[in-house]
Amino acid sequence: MITQSSFTQIPTAAPILSSPSLASGPSSIATATIIDIPGFSDPRYDKYRRHRLNAFSRLTPDQLADKEKYINSETLRHDKNVKITHEVTINSPDRKPATIADSHLVIETGNTHDRIRIKKGPGESLTVLINEIPYQLNNMAFINTPIFCLRIKTNGGDDCVLVDSDVEFPVDIDLGEGNDYARAGSGYTLMRGGSGNDTLKLGRGDGKAFGGDGDDLMIAGTGHGMLRGNNGNDRMQAGEGVEGRVLYMDGGEGHDFMIVTKNTLDNPTILHGGKGENLIVTHGKATVYTGRDKNIVRTHSDDTVIYAKPTDEVHRTSGSTLTHTAYKELGHSGYLVDGSQDFVQNVNDDIDLLRLSPVGKQMLAEGDSAAKRNDAPTLIKETADENAYYYYNNSKLKKHFSTNRPKDLESKDHSRGQDFGGILITDDLVGLTPSDYGKIISNQPGDVANAGEIHYNPSFSMFDGSGPIVALYHEMAHAYNGANGTVLPGRTNREHKPLGERDEEHQAVGLPTDARPFNFINSPFAKPTTTNPKPFTENTLREEFQLPLREDY
């Protein structure tokens, strides 16, 4: 049984940590250890030599049959205080470097109580103070650096990581074990609290924070953002944001206190209590999903929409909207989650929201039914890419590619006559038809996917800052078409795109297409449509969230 008095008030700002180890002055810059990072124009930056697969390369978890994905690293500095490494992730068809998927500079400290401050340095550099010792990272301007992100990994100990408010460079902070504190700057920031009772404070830029294990204090910034409490009894707070901000908050497991102190924007704050007995308080526009267990909701705006169970205690204004819904144990047979422990928990937290969502429950129920018909679930796999994907696959394609894949695939090797909807066609597709890829041909469904995969990053958000769960739902819409063989094969004309846009993307979003109308739900009472029916579209979830609908792809 939860009561309001069991929660302490969250302060409007985190306590200021003062430490002599964070002091800096002109002398610290003059004596800094210089770390030179070769730029794209530097002759030392030979990506073909440095980025080839070798004995020291590390394969990533999200491997595909037609290409390898691996990480190469080069140590730039290693002393008793810190290890600084340049890591590059490469997509490589047939072990030939093709594209750089990620490139970041890793600053890793040990299992002591470390103090790290990131500030602007002279020229195009950043200065990193680590336990009073300065390191100057040269060539960190966006236009010339091969570094996409600065990654801080503090491991054990009670650590403190401060990023100055004028630092706009993207920063990824992994705090590890211990009771840690982190404060973001004004660039994109990703925080992982790890185990321990952590304080995570986002800044002026877009950002996402994962509490991990422990009772954490998490404070949203003013940009697009996401707070995931994960395990523990967490306290989560958000205030006013910049125009157009989208904020997503998920309590995860534990008895959490979630509060939005102010929101005068057009976009709502989206809150999900998750597992446990939670207290959710909102001021301003919000969309609230209570969670699996008994919860208390207090809202103070008529612009609030609440999805709650009859057993939840809801205090709301007369103009707000309350929809009673039931939590349903759906999706267990339709989706198989594969990845790290943190990944599995984050995906399960997303699916938990869908088990309470009126439209989400329909998507999960269809996924379960399709898995039963096809004798196979859709696999949800972990990826570090800043994107989400659905890969259609079935037994026939697996057999074909195991025997017909050429040793070398070049982009100039085009198809001999088959139209697969505008994807890159290579000679290894000869002998297959669009129907083998689940495409609708002559108003008949194609083959169904019995080995389809969704590759998902729980920290990836779309262009408008909508939460990762929206990206996951988009890929679930693709999986719905794959599992039913109802993928539209053509393209739809768009004035601003000479080649148009792929119908299969339009149908997943919920946009009209130029395709022939099709009866997607295979019912004599259903009207054929040129796109996926509700609820099997991204825009259906956006509508329930009170987010702007997507008007193009």
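In case you wondered, yes, glycine gets a Cβ from its N, Cα and C as well.
What TrEMBL says about a protein is an automatic prediction, not a curated fact.
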Region 'Disordered' according to TrEMBL, located in which of 400-428, 487-515: 487-515
Positions whose Cβ lies under 8 angstroms from the region 'Disordered' (487-515), at least six residues beyond its ends: 392, 419-422, 434, 437-441, 446, 474-475, 477-478, 481, 530-532, 534, 537-540, 549-553
Helix, strand and coil counts within the compositional bias 'Basic and acidic residues' (492-507) (DSSP): 5 helix, 9 strand, 2 coil
